[in-house]
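Notes to accompany the following structure.
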Amino acid sequence: MKTIIALSYIFCLALGQDLPGNDNSTATLCLGHHAVPNGTLVKTITDDQIEVTNATELVQSSSTGKICNNPHRILDGIDCTLIDALLGDPHCDVFQNETWDLFVERSKAFSNCYPYDVPDYASLRSLVASSGTLEFITEGFTWTGVTQNGGSNACKRGPGSGFFSRLNWLTKSGSTYPVLNVTMPNNDNFDKLYIWGVHHPSTNQEQTSLYVQASGRVTVSTRRSQQTIIPNIGSRPWVRGLSSRISIYWTIVKPGDVLVINSNGNLIAPRGYFKMRTGKSSIMRSDAPIDTCISECITPNGSIPNDKPFQNVNKITYGACPKYVKQNTLKLATGMRNVPEKQTRGLFGAIAGFIENGWEGMIDGWYGFRHQNSEGTGQAADLKSTQAAIDQINGKLNRVIEKTNEKFHQIEKEFSEVEGRIQDLEKYVEDTKIDLWSYNAELLVALENQHTIDLTDSEMNKLFEKTRRQLRENAEDMGNGCFKIYHKCDNACIESIRNGTYDHDVYRDEALNNRFQIKGVELKSGYKDWILWISFAISCFLLCVVLLGFIMWACQRGNIRCNICI
């Protein structure tokens, strides 16, 4: 019986230990990190979806709906195209000698002069747009033996007939149209753009009535190039009461070169030249209104902020713009891995460290300490490790923007039907570039997110190791991000651990003494299990012995009779 009582006592000791941290001679210190109830999912190299405490959207998916007029100089074409303004269509005279960073063409733009075509329309439009000016210099061309300043009722300038202000329509004088041969040297130090044309009458009668000869010819040349155009006489669809046409051509004369014009009819002569400039001006088709505001990036949909590295508003852009990508969203992690805090902590509200979960409500830092000692419980952030992580993360967004935002413009591409295959090839190249950039963007963000999560995890581990090195043998790692401190550690002591001034030698003797005393009573879970099993086995054995003894005693007294048959 004494043995049973002794074993029962040991069993009670094994199960009746005090909870860690409840002894006034010890304390518990846990390390943890910030957490939020609902984090943001981001993509990394190793995970398609991983939850973080905070993330920043990198794709701009909407515009302001208006074009800002600052810092770029915006020229609203209103109802004029750039080429009409270049030629001097009467209703576009307000654009003479204008300059711009971005010329905005509207869908309502129309021509209101002699019907014309430009065989290389896209190139001329792009050339003039990039020059950023319609500055025109009149030159004294001498046209002998012909009538100048021809006009048409299809091109009204005021009440009377008119013509393009930058072109001079030459017709016969009397009954003759002599061969014209005019030269104009470029003695300046800049390129000169000459616009000229060829008239295509609708009938042979119109041809001879204007130019005498049954067929004219126009040749314009420089030392670098030559163009010879033969008029195509024939009826075309009626436009503004005319079935004849004018074809517009252009020639660039370099400094030191000479412009030579030779013709025996059908010449639409230049009146001077446009001064060419090099720059990054451009043109854009858009119906977005122009407003007084500031934006570096402009799309046909309107201006967009350029504080993000990517956008999927429009492929066509002007200014310092985010790269166009196909994704609607790409999120950059700007916080750490999120592990929401568990609502229950077991018996008596025990605290836990970062290995189990994060801590919600820690608003003054990303990393911190929680403690439980004789004075109660408390929490404080570790600002040094928090700042170290923030400093490295803050530069990520700016670095991504610097890598992707460039001051360039993606212009619209136009090709004639003859160049359909070139257009298809160009579209394929553009689509491939977008696919490549979209893939690169996703990969770049995934890499940065992986680095951010690894970085924040590393800072947590650094703080834990720093605390471990301070405490040394004065505390025991509990395996969940917490330390059990084997000496009395009040709030001042806890603060010294947090700020790195803790002196473990001061508490060493007390910690060792308490550790031995506690270990003498506390039984580790492994030994406790062994003792429980041994106690159970011995108790069962003694119970069997007592039962067997009772049976033998009863048999001797005759109370029980046992017959054995063979």
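Each residue, glycine too, has its Cβ placed from N, Cα and C.
Per Swiss-Prot, the feature signal peptide maps to 1-16. Annotation source Swiss-Prot lists disulfide bond at Cys68-Cys293, Cys80-Cys92, Cys113-Cys155, Cys297-Cys321, Cys489-Cys493. The transmembrane segment annotation in Swiss-Prot covers 531-551. Marked as topological domain 'Cytoplasmic' by Swiss-Prot: 552-566. The S-palmitoyl cysteine annotation in Swiss-Prot covers Cys555, Cys562, Cys565 and rests on sequence analysis.
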Residue from Cys68, Cys113, Cys297, Cys555 whose C-alpha is spatially nearest that of Cys80 (disulfide bond), among the recorded positions: Cys113
Top Cα neighbour of Cys555 (S-palmitoyl cysteine) in the set of disulfide-bonded residues Cys113, Cys155, Cys321: Cys321
Spatial neighbours of Cys297 (disulfide bond) among the disulfide-bonded residues Cys68, Cys92, Cys155, Cys493 [C-alpha, 10 Å]: Cys68
Neighbourhood of Cys155 (disulfide bond) by C-beta distance under 8 A, where only residues 6 or more apart in the same chain count: Asp89, Pro90, Asn112, Cys113, Tyr114, Ser161, Gly162, Phe163, Phe164
Neighbour tally for Cys113 (disulfide bond), based on other Cβ positions within 10 Å of its Cβ: 25
Fewest other Cβ within 10 angstroms of its own Cβ, chosen from the disulfide-bonded residues Cys68, Cys293, Cys297, Cys489: Cys293
Least surrounded among the disulfide-bonded residues, given as Cys321, Cys493, when other CB atoms within 10 Å are counted: Cys493
Pairwise Cα distance for Cys489 (disulfide bond)/Cys321 (disulfide bond) [Å, integer]: 58
Of the disulfide-bonded residues listed as Cys92, Cys321, Cys493, the one whose CA lies nearest the CA of Cys293 (disulfide bond): Cys321
